[in-house]
Amino acid sequence: MGTVLDSHFLALTALVTVGYQLVFFIITALLRFDKVTDFAGSTNFVIIAVLTAALKGTWHFRQIVLTVLVIIWGLRLAVFLLMRILQWGEDKRFDEMRSNLGKLAVFWTFQAVWVWTVSLPVTIVNASSRNPSIEARDIIGWIMWVIGLSVEAIADQQKLKFKNSPSNRGKWCNVGLWSYTRHPNYFGEMFLWWGVFVASTPVLSGAEWLVILGPIFLTLLLLFVSGIPLLESSADKRFGRSEEYRTYKKTTRSPYPIAAGRVWSPARLVQGGIPPGAAPLQPRTGTRPRQLSAECALFF
């Protein structure tokens, strides 16, 4: 087992990930400075991709492409999220964690698991000595990545611009891609990582196919755990009494139908789905809050 782990860089990447996240956990715990959380998560992907490619040293075209794709995604997301949190202020996710070391440790542990698991396709490709010719699956995966990244980046910028406009205070984002589907950034995120998996399949053999756990883990995480459910719950509490918001949820689809049916369907909202105690919308006055509740459910 040790040989298998080492030859596929699984043990190495696990140690690097834990060590990298531990450094930022210590910074957060000691200084109560949580603005580096998303930066630590996104850049960890870049470190794993570059490290495994460099250690293997074969530099096959497929390895180079997938490594570059991860670098582009990771750096874009890291810079975007870092600039956003510096602009908006404190991260509300940590309001209950700053004084609870146990909860904070669980969060950072979960982030390390997320990074290592989702990176599996790239890790295995970079560790492989196999170099089959480029085929349709590679190209399809790359195209999926381009589409996913484009959707994610455009959706992020549209929402940031919307939230930064004084005229949109107290409103939910329903412009651009957000007028076609709720959480298009999460759709793009899931789609691009499924693209990375598809592009990795030409070199996979035997148990290596278990790297599919990477995109599956990410999809389940965003749809049912730490992504969409938190944002939907927050939005329902803030806007649940608004008829316009109800209409938006009824007429704007979720990224995936299964999520709409089980997590936050319009039917549940209309049929008693509004959280108890949700207050009617009141006009906002004064300064804009520094950070929206659950705005960064995991790292977005």
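Note that the numbers count up from 1, one per residue, in the order the chain is shown.
Placed from the backbone N, Cα and C atoms, the Cβ positions cover glycine too.
Because TrEMBL annotations are produced automatically, they should be read as predictions rather than curated entries.
Values in this document were obtained by computation on a predicted structure and should not be read as measured data.
Pulled from TrEMBL, these are the features on record:
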TRANSMEM  12-31  transmembrane segment
TRANSMEM  38-55  transmembrane segment
TRANSMEM  61-83  transmembrane segment
TRANSMEM  104-127  transmembrane segment
TRANSMEM  186-204  transmembrane segment
TRANSMEM  210-231  transmembrane segment
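Here the transmembrane segment (186-204) sits apart from the transmembrane segment (38-55); fewer than 3 CB pairs are under 8 Å, leaving out pairs fewer than 6 apart in sequence. Sequence-distant contacts of the transmembrane segment (12-31), counting only residues of its own chain at least 6 positions beyond either end whose CB sits under 8 Å from a CB of the stretch, comprise 6, 37, 40-41, 44, 47-48, 51-52, 55, 94, 101, 104-105, 108-109, 111-112, 115-116, 119, 123.
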